[in-house]
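Colleague: Here TrEMBL flags A:26-44, A:50-71, A:92-120, A:126-153, A:160-181, A:193-216 as transmembrane segment.
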Amino acid sequence: MGALVAVFHRELALSFRQRSELMQPVMFFLIVISLFPLAIGPGAEILQRVSGGVIWVAAILSLLLGMERLFRDDFTDGSMEQYLLSSTPAYLIVLVKVFAHWLVSILPLVLLSPLLAMFLNMTWDMYWVLLYTLLLGTPTISLIGAIGVSLTVSLQRSGVLLPLILLPLFIPLLIFSTSAIESVSLQLPYGFQIGIMLAILLFTLALAPAAIAYSLRVSLN
Amino acid sequence: MSILRLINISCEKQDRLLFSNLDINIDAGELFFLKGENGAGKTSLLRILTGLSRPATGQVVFCGNNVSDDTNQLDNLVYCGHKLGLNSALSAVENLVYWAKTHKQTVTIPDIERVLSLLSLVGMEDLALKYLSAGQQRRVALARLWLNEKAILWVLDEPFTALDTQTISLLESKISEFVVNGGSVVLTSHQQAKFSCPQRNYILEYQI
């Protein structure tokens, strides 16, 4: 347990020492969402209809932007080798790293979402469902994204490859999250979509850490 | 007593066979000096024997178990590779505290400061590593050899790179002392190191 707490502290310390990298996804998220009302006009009804999709697409793209650095530094400076040469299970170390990344890079996007919901004229009910979908969907994105990052970490130019691998995998999340937000706007039940998102999160949480650890070993081989 | 056994190990990189059918046994209290030209596969062999890379054939047995299967033994091994395993945004003390905790070493900050002082890094304990020279960073990485008191095997890939003569002498003495006390060391270096303990030289031939 002490080892995992140390990994968590290290990740937080590194994130706050590299604040500029930390701010990039948040700024990107804010800018993309601010551009939409300018591009499609201030019509309240149109903005409300597209709001869920806009926030979710912006969230996915912002997350991909910051995802690459998840294992990059550890791979280039040899810290990854030291993780794998410790008796602390690698899947637990990567799980802690992904959680720390979610906490410092993604949680701020979730916390900013009330402001952005206001920009896009979302109702209070729509906002709550958006918050549920973000809280259930963004950890899944982190976990799935980490598999992609660990597979491509040894490649020198993985810039475009990573989104090409990952974006298709996020389609189910995008469909269920926007469907839940649309359902609430039409005053329909949305429990099914939230349930599916929860199931995807639990499934990913069970399997992704082992897949990430294995992919890192393959990348180091 | 055998600490490390390499059984029928072969390695291929980019369709080139680096070495094949290696059978090596390393005993407790043995210094195994691996030599060979650039590209002969020394680093690949060291990575295979720590379990970081998988061989094309064969297996590595460390303390009686397959090195890839039994991770519990890994805290008894110290690996210093080409990459230092240190984050440049963290200080020497932070890097070593983190390493000690993940490797389940009971090391305190005064212990770390004492070792850093032995390695002539007084006053640099709390500086981010990016402000230290390559040799000083290497010394921080090598501090693990002093801090891991449970270790029974050191795997050192070119440990003398970037070090000054004084630190090279210190490291040679430390390696000799470790071997005399029953530890095993597998080492590669292009430098002529002087150890005060017996050493077994093994030359890895470059294969075309």
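Any Cβ shown, glycine's included, is placed from N, Cα and C.
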Colleague: The transmembrane segment (A:126-153) and the transmembrane segment (A:193-216): do they have three or more Cβ pairs under 8 Å, with pairs 6 or more apart in sequence?
Modeller: yes
Colleague: With the transmembrane segment (A:50-71) as the reference, which stretch in A:26-44, A:126-153, A:160-181 has the largest tally of C-beta pairs below 8 Å?
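Modeller: Highest pair count goes to A:126-153.
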Colleague: In the same chain, who gets a Cβ under 8 Å from the transmembrane segment (A:126-153) while lying at least 6 residues past its ends?
Modeller: 48, 51-52, 55-56, 59-60, 63-64, 67-68, 70-72, 75, 94, 97-98, 101-102, 106, 109-110, 113-114, 117, 161-162, 165-166, 169-170, 173, 176-177, 180-181, 183-185, 190, 193-194, 197-198, 200-201, 204-205, 208-209, 211-213, 215-216, 218-219
